[in-house]
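Colleague: The Mg(2+) binding site feature in Swiss-Prot is assigned to Asp453, Asp459, Glu462, Glu463. According to Swiss-Prot, the feature domain 'tRNA-binding' maps to 39-147. Among the features that Swiss-Prot reports, domain 'B5' is placed at 400-475. The domain 'FDX-ACB' feature in Swiss-Prot is assigned to 698-791.
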Amino acid sequence: MKFSENWLRNHVPIQANRDVLVATLTAIGLEVENVAVLGEALDLIVVARIVNVVPHPESDRLQICQVDAAQDTLLQIVCGASNVRPGLVVPLALLGAKIGALTIKSTTLRGVESNGMLCSAKELGLDTEASGLMELPDDAPIGTPLADYLALPDASIEIKLTPNRADCFSVRGIAFDVAAACASEVTPLHIDEIPAVSARTLPVELHAGANAPRYCGCVIEGIDPAAPTPVWMAERLRRSGIRPVSLLVDITQYVMLELGQPMHAFDVDTLRGPIGVRLSRNDEALKLLDGRTVVLDNDFLVVTDADQPIALAGLIGGWETRITDTTVNVFLEAAHFAPVAIMGRGRKLGLHTDASHRFERGVDPALPPQAIAFATRLILELAGGKPGSLIRVELPEYLPAPASILLRRTRIARLLGIVIDDVEVERILHALGMQVTTQAEGWRVVAPSRRFDIAIEEDLIEELVRIRGYEHLPTALPIGASHIAMPSETRLDMTSVRRQLIARELQETINYAFIDAELLRRWQLNTGQVMLMNPLSAELAVIRPRLLPGLVAALGRNIARQLERVRLFELGNVFTASDEAGAAPLETQHVAAAVCGDAFALQWGEQARKVDFYDLKGDLESLAAASGAVLTFHSSAQPWGHPGRSADVWCDDTCIGWIGQLHPALTQTLEINVDVIAFELALEPLVRGALPRAHALSRFPFVRRDLACVVPEHVTWSELAITVRDVIGSLLRDVKLFDRYVGKGIEPGFKSLAIGLILQDDTRTLIDRDVDDIMAKVVMAIQQRHDVRIRS
């Protein structure tokens, strides 16, 4: 099914952009196979009229045209199209317009100046199979931008439908699903019956029982056979994969695409009556619209005139009663044919039509009278005429009845494993066009007549989860043989985490998950402990709430064995007591590291220095960068941390851990006589990241500005950096702290920070005035938020 995006949006008002719409369609089961964007680059292309055409003196194929584009003078354009002629209204690309990679310029062709280009639909990307100039209606307003005239830009969206979703072979059918998924509502379609003006009618007889239980029609006299298809209708058809033919045929196709009801139009002057629907007889012959004559068996459903076949019902019309260029009186047909009566018949004859594709899967039995009224109104508006009364013949006992289903709350919860709010259930069902009545145990739901796929309670539950999204269902690990899967590109596995830390010269340790309660008391972690009922020993009586106590104890044992430079890490689970009485402990996975000694191994090319906070912070940021996680650091008040040399680590507005130097009082009680730098974080936020995206390098130069400021001691560099990023936004490529000074010239309680800012725009070169304005805003923001003073 192919349709116009703008056409769909006319039926369901949604704010979602095209990408979101396409993703939504696929998510709710209407798989998008292709999206062809139309008319996104039609600047300087206008509607124009060819006033005069003369042959080119130096070429047999070229013509010299004088073209009216609503400018002061006519434009001279050389054109080689076969259908160029005076009076023709066509798209004109003015000088400076771009057609693909071609920029239209004034040029000379065989000695004759040409100041523009007359365009075909193919050149404009509107029709890949078109040839010759695109011919516009004579009444198209000259000088109007073509994009405005053709309601562009637009997109032709093609979706792949499963056999059970025949209701989505129409724009309105798709609109109901989109409305439900996007929390919108389908625009009501008011189709009033057209009052009869003509008394002409045709008798109809149904002799096929359940195969054809409803047949509707209408005779319209005195239409204008020369009336053209309006451009808005032709474009909607073209963008839906149907080439416009003639007004009457186009109207039947348009109604089919909008409502989902296949129709056929007969030249009423070729009919004698009565019209009938019956099964074919062996060896009956019929000449089809495609010019072939076929011989039928007794298994085809046929429309007859005076008991003679004139059409294959639900497949294709006949040659003798076809609409021609001279047809002025027409009989419109819209009927309900059962899928079993149409299925497989086309294959017998090598036929596959839009009508058969729909009837084989099921068409809404309530549509025929609406389709007749809609098509009649369009014909009267576009071609005039006098309509007769609606012809409506039915066999009520054979018409399919909509399913009435009890939907229970308990059944929803049992099948899905979740509870869906009553308001949400009713919203989804109403948006899908269902009648919903509240009952004590749930709802009584009547499915719309177009939804043949809804028959039982489970079908309704499927609709709820399909629209809400399967991602909201709880998941469980499958039971059975495991299979090797491709690693996720947006998530680090444990092996990658280990490799990343090992690459930073850290060594993995594995410690007991049980720990001494006395050790936790020294760390002031003796609240919320999970005690073992049957511990192995008194020293292993508590399940560890954090990794650091055991990891630092291991570091202390290494120091006691005369190792001066120790760098350890651990991955493992930690346990905390649940707030709910009797509930199992909460188990989460953490990563921790502890280092001491020299920053680098002893060597002649590097001056020896002790490891510090910033060294381990770099190791942590390297791990975060591997997954794309963004970390920020804020002042910490953890009792085991050194005041002023530790920080809480945040990710996505959540505190996930701690980093810093251990408090000297703690290391003293642990009998560790060196400074220990450590971190511990919840692992999940670190390993969950976004898929990296490549961005083109800007071809414009960057600008660096440095800022020296005096900052209160309690204000952290992280807080300043956040403020700078908030103020500058996307123009800020990087911000670095390259100097920190405390001492002479700086009053107590303050520090001097030197900040480097890199600014760059992807679309233009930043000038001094731009940069000065940005820097002024930065200075004002940090002064107001952080009581900063700028150093001169």
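Backbone N, Cα and C atoms are what each Cβ position is placed from, and that goes for glycine too.
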Colleague: Specify the secondary structure state of Asp459 (Mg(2+) binding site) as given by DSSP, simplified to three classes.
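Modeller: Reduced to three states, the DSSP call for Asp459 (Mg(2+) binding site) is helix.
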Colleague: Give the sequence-ordered list of residues that share a chain with Glu463 (Mg(2+) binding site), lie 6 or more positions from it, and have CB atoms under 8 Å from its CB.
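Modeller: Correct list: Ile428, Leu429, Leu432, Ile454.
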Colleague: Taking all residues of the domain 'B5' (400-475) together, what is their mean pLDDT?
Modeller: 93
Colleague: Beyond the listed site residues Asp453, Asp459, Glu462, Glu463, identify every same-chain residue whose Cβ lies within 8 Å of the center of their Cβ atoms for the Mg(2+) site.
Modeller: Arg451, Ile454, Glu458, Leu460, Ile461, Arg466
Colleague: What is the number of residues in the domain 'FDX-ACB' (698-791) that are helix, strand and coil, as DSSP sees it?
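Modeller: Computed counts for the domain 'FDX-ACB' (698-791) are 34 helix, 32 strand, 28 coil.
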Colleague: By a simple count, how many Cβ atoms lie within 10 Å of the Cβ of Glu462 (Mg(2+) binding site), its own Cβ left out?
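Modeller: There are 16 of them.
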